[in-house]
């Protein structure tokens, strides 16, 4: 009888031991959420030049589907471009060229190996020297030819220069003055001819004739 009870307790002990070992073996797997190991750029870093992508490396394989990475610049704009690319423990996304210097905030939501999503954020800062110069806008039409044309057009539109010869400049005026002088002279002559003591009659002609008749 004692032997029977001993075998019973031994069986129960073995079952509990097996259950414990199974529990210990499966618990880590059930709670094995991915952990961010490193990133490029690194969290809190100041890259010498603007990165063209964000790459996050985790301690376990990243699940497929449902992954997201966003990058917000100091101007409030989003700079991620395209879809998240997963390669084993790494998740990455391309970036477009930044518009200004400042702090860039990276937010991620990754599916862990156990199927549970994890979220987190990192940040990096770009100095003005790290931000590429903005592409020059298309050159506006040069103002030089236009200005030259305007000058030429202005010259062409201006009245012809007056002759430098003063006689030529006063010709019309001189002709008018001469005409007035001629008219005045004719009027004076007519007045003198019509006066009683005009030419052809002596100063005392009438008196002399009267005296002779007497």
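Heads up, the Cβ atoms here are built off N, Cα and C, so glycines get one too.
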Quick one: which of 60-80, 81-101, 102-122 does TrEMBL have down as region 'Disordered'? 60-80
Of the ranges 154-172, 173-191, which one does TrEMBL flag as transmembrane segment? 173-191
